[in-house]
Number of protein chains: 2
Amino acid sequence: MSVQILDHQLEDYFNTAVELAKKAGQKIKEAFYKEKNVNTKQSAADLVTETDQAVEKMVQEIISQKYPTHKFIGEETVAVDGSSCTLTDDPTWIVDPIDGTTNFVHSIPEVSFSCGITVNKEVVIGVVYVPILDQMYTAKKGQGSFFNGQKLSVSSVTELKQAALIMEGGSSRDPDILKAKLDNLRNVLTASHGIRAYGSAAINLCKIASGICEGYVEYGIHCWDIAAGLLILQEAGGVVKDTTGEEVDIMRRRITGACSVNIVNQLVPLLTHLDMGRD
Amino acid sequence: MSVQILDHQLEDYFNTAVELAKKAGQKIKEAFYKEKNVNTKQSAADLVTETDQAVEKMVQEIISQKYPTHKFIGEETVAVDGSSCTLTDDPTWIVDPIDGTTNFVHSIPEVSFSCGITVNKEVVIGVVYVPILDQMYTAKKGQGSFFNGQKLSVSSVTELKQAALIMEGGSSRDPDILKAKLDNLRNVLTASHGIRAYGSAAINLCKIASGICEGYVEYGIHCWDIAAGLLILQEAGGVVKDTTGEEVDIMRRRITGACSVNIVNQLVPLLTHLDMGRD
């Protein structure tokens with residue numbers, strides 16, 4: 001049986017998510033210009049800092065106090081207890097305390113706090129905040145998406161050969177995964193105006209939502225990287241799909257987002273599809 | 001016989017370059033949010049707009065009136081008359097009206113006006129201005145480099161495995177060039193924290209100068225893309241070399257820049273060296 005949420009409840013969740021983003025942003029900003037203690041997770045390029053962990057702890061505590069029946073999926077919580085995360089119909093806060101940890105470590109400003117809220121397994125609220133640049137992206141299901149209060153809309157480009165794309169190297173150093181990613185990169189580069197890489201999936205989706213670049217493909221992301229950004233892109237008029245062009249599944253660790261379904265349809269045949277497992 | 005330039009003359013050139021950057025920036029900003037008329041040059045991804053041409057024309061006219069004996073090398077002038085550009089000992093203004101034209105076309109804010117001044121074939125002044133973000137990078141030989149007036153200094157990372165790099169797909173779609181670039185990308189990605197791509201050589205050099213990312217490699221750039229940025233990076237304490245690790249030659253269409261010579265020395269053996277001809 002699906003969960004019923006009233007409008008005023010959703011509004012309350014949204015306001016809480018924005019407040020959390022500002023609080024998290026303050027902590028990230030304080031740590032950004034200081035020396036960082038860096039540890040690694042799955043590979044030598046999969047980084048985590050004390051700030052990732054401190055921000056997630058703070059956010060989780062606030063959510064569990066305010067909404068004790070809600071579920072929580074956070075990048076660092078999953079990393080610590082090794083559990084895979086299960087998405088249920090219950091209201092679920094999917095949080096990446098710092099999306100773009102490598103950027104954070106290198107003082108590259110594209111570092112974001114990402115918070116998506118699902119109800120009945122569907123993202124209904126998305127908040128991405130880039131504290132160093134004071135950029136707040138927000139969306140509520142069916143109500144558009146906004147950048148610092150201004151309504152967002154995607155690029156009107158429909159042909160891949162006139163598109164700029166975003167693709168990332170990612171943190172895996174597995175040679176087979178890298179080979180497929182580089183083949184994809186060559187194919188997309190050859191067919192388009194060019195490729196950019198900013199190092200944060202959440203920000204990448206927000207850039208497409210803002211009409212900056214037309215499409216984005218990534219294998220290896222997690223639900224916390226994309227939950228918020230995918231709603232922000234959809235509500236700006238964009239399209240989010242699985243990399244095969246099928247319906248997106250936020251637990252499937254792969255995504256393509258674009259300004260239109262035409263761009264997705266032209267991207268899909270250029271890709272070698274990697275099975276990255278599930279969150 | 002080498003040319004002698006007095007300090008007050010250099011100061012005058014510097015002030016003119018900064019004024020030109022602001023005037024160019026104003027024109028770029030006015031055009032940035034409007035519909036653009038796009039043409040192509042060497043490939044379907046080598047773009048030029050009316051704004052590139054209008055900005056270069058304005059800049060060239062001001063320089064030729066103010067300094068009639070000085071030489072001028074500008075991206076769009078070279079593209080139109082097909083001449084290769086010859087660097088002499090005379091004071092020479094090397095100008096890219098819009099570095100990052102693809103970004104400009106796609107409303108990606110990393111778009112810069114770049115102006116380097118050489119005397120005796122050596123860059124003595126560098127100015128890179130990013131008008132959409134109001135970011136002014138400047139350098140005078142031997143006097144440090146600055147971002148909006150604040151002194152710049154490079155990252156202190158010395159190990160490639162702890163470095164973030166910048167590499168670009170570029171505009172060539174020649175399969176052999178792309179193969180070498182993607183091999184380089186794989187090798188550098190495997191050996192480092194990751195790779196970013198922002199789409200402007202001038203800005204890339206300024207980012208390394210700012211301590212954001214540790215190194216940058218590119219094949220296929222031109223002297224107008226790098227003349228200003230390489231001085232800004234050197235004056236921030238960084239190192240600029242040919243991709244083989246030899247002395248940089250700004251007409252040789254390839255470059256590596258890094259926060260330290262250690263990073264360059266670790267990058268060089270990972271690269272397949274492309275001969276891109278000369279400007």
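Note: Cβ is positioned from N, Cα and C throughout, glycine not excepted.
According to TrEMBL, the residue from B:E75, B:E246, B:E247 that belongs to the Mg(2+) site alongside B:D96, B:I98, B:D99, B:D225 is B:E75. Neighbour count (other Cβ atoms within 10 Å of the Cβ, all protein chains): 33 for B:D96 (Mg(2+) binding site). Of the listed binding-site residues B:E75, B:D99, B:D225, the Cβ environment within 10 Å is emptiest of other Cβ atoms at B:E75. In sequence order, B:I28, B:T49, B:T51, B:D52, B:V55, B:F104, B:V111, B:S112, B:F113 make up the list of same-chain residues 6 or more apart from B:I98 (Mg(2+) binding site) whose Cβ falls under 8 Å from its Cβ. Sitting within 8 Å of the Cβ centre of B:E75, B:D96, B:I98, B:D99, B:D225, and not among those site residues for Mg(2+), are the Cβ atoms of B:D52, B:V95, B:P97, B:G100, B:T101, B:S112, B:F113, B:S114, B:S200, B:A201, B:A202, B:H222, B:W224. Under the DSSP three-state reduction, B:E75 (Mg(2+) binding site) is assigned to helix. Following the DSSP three-state reduction, the secondary structure of B:D225 (Mg(2+) binding site) is helix.
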